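Read the structure below first, then the notes.
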C-alpha cells in the first residue's frame, strides 16, 4: 500500500507543478521555476524507483541508476537553494535593495538565480563523486540510492551543506518578514511601483511557499545529518585510492534490513515524500485562484480528450495563476 500511495501522490504532484509553470516563466519568476523544475524531477525519479524496485533487488538499469543517484544528490541542495533564491528576492524587494524595473535587471536576477539554483547543484553532484565510496546502492522498494563514504570531508562537503543553506534561507525569510512589518504602510505601493509582477497576495504566497520549504528542509536535513552520525559515524579519510577502492561495487539492501534500522527507513521516506509535499504546498498557495483553476481544468480535459472526453461548454477560459 505505501508504494501505491506514493505512486498516486507523486503522479498528481507532477501534474500540479507542471500546469502553472508557463505563468511563472512568463513572469520571470526564475527561482520559483527552478523550485518547480527540481520538484518535478524529484517526483519523477522516486516515482520510477517505486515502480521498478517494488519488492525487487534487481539491477535492470545501471546507467539510469548512475544518472538518477547523482541527480538525487543534487536535489538535496537544489531544493533549498531554490528556496533561498525566492527568499533572497523577496528580501531584496522588501528592503528596496534590488527592485527589478527593467529587463536588464530582471535578466541579471535570472542569471544569479541560475547560478545559485542550477549551476551550484551541478557542481555539488560533481563534488559528491570525490566522497563516493562505491557506485550506488539498490534498496528494495526505494530503488537506486547514492553512496557516500562517511569521512569527515564528506560531512563537510556533502552531508552538512543542505543544513547550512536552509539556515541561510531561514535568515532571509525572517529579515523579509521584519522588513515588511516595519514598512507595511508603504509595502503595497512599493510592489505596485517595482515592476516585479507581484502584488501583496503573490508576495505573501511566495514567502509562505519558501518558508514552508525551509521549515520542512531544515529539520529534515538535520535529521539526515544526525542519523548518519548515529548509524554509520565518521570514517577516517586515508586517501583517494582508499575511498574509491572497488568503486564498481553495488550494495543491495532487502526490505527486512529496515526492521533493524528504523531511523534509516524514516530518512528514506522523508527524502522521497518531500517532493510531493512541496508540490501540494505549491498548489495550496498558487493553484486555488480562479485563473489557476481554469488552467488545471483545461489541462485535465486536454489529457482526457484522446479518450473522447470533451470539456463542458462554459468552463473554458484563458489566464494564468494569480
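Sequential numbering from 1, following the chain as shown.
Quick reminder: no glycine exception, Cβ is built from N, Cα and C everywhere.
Curation does not apply to TrEMBL; its annotations are automatic.
The feature transmembrane segment is assigned by TrEMBL to 6-26 (among others).
Remote same-chain partners of the transmembrane segment (33-53), defined as residues 6 or more beyond its termini with a Cβ less than 8 Å from a stretch Cβ, comprise 3, 6-7, 10-11, 13-14, 17-18, 21, 24-25, 60-61, 64, 68, 71-72, 75, 78-79, 81-83, 85-86, 113-114, 117-118, 121, 138-144, 209, 213, 272, 274-276, 278-279, 282. Per TrEMBL, the feature transmembrane segment maps to 33-53 (among others).
Sequence annotations record features per position, and here TrEMBL assigns transmembrane segment to 73-90 (among others).
Outside the transmembrane segment (110-131), and at least 6 residues removed from its termini, the chain residues within Cβ reach (under 8 Å) are 28, 30-31, 34-35, 38, 70-71, 73-78, 81-82, 84-85, 89, 146, 148-149, 151, 153-154, 157-158, 161, 240, 243. Annotation source TrEMBL lists transmembrane segment at 110-131 (among others).
The transmembrane segment annotation in TrEMBL covers 155-181 (among others). A Cβ distance under 8 Å defines the sequence-distant neighbours of the transmembrane segment (155-181), meaning residues of its chain 6+ beyond its ends; these are 73, 76-77, 80-81, 83-84, 87-88, 90-91, 94-95, 124, 127-128, 130-131, 148, 187, 207, 210-211, 213-214, 217-218, 221-222, 224-225, 228-229, 234.
The transmembrane segment annotation in TrEMBL covers 202-226 (among others).
Residues annotated as transmembrane segment in TrEMBL: 270-288 (among others).
Residues 32, 35, 76, 79-80, 82-83, 86-87, 90, 93, 155, 159-160, 162-163, 166-167, 169-170, 173, 176-177, 191, 266-267, 270-271, 274, 277-278, 281-282, 285-286, 322 of the same chain lie 6+ residues outside the transmembrane segment (202-226) yet bring a C-beta within less than 8 angstroms of a C-beta in it.
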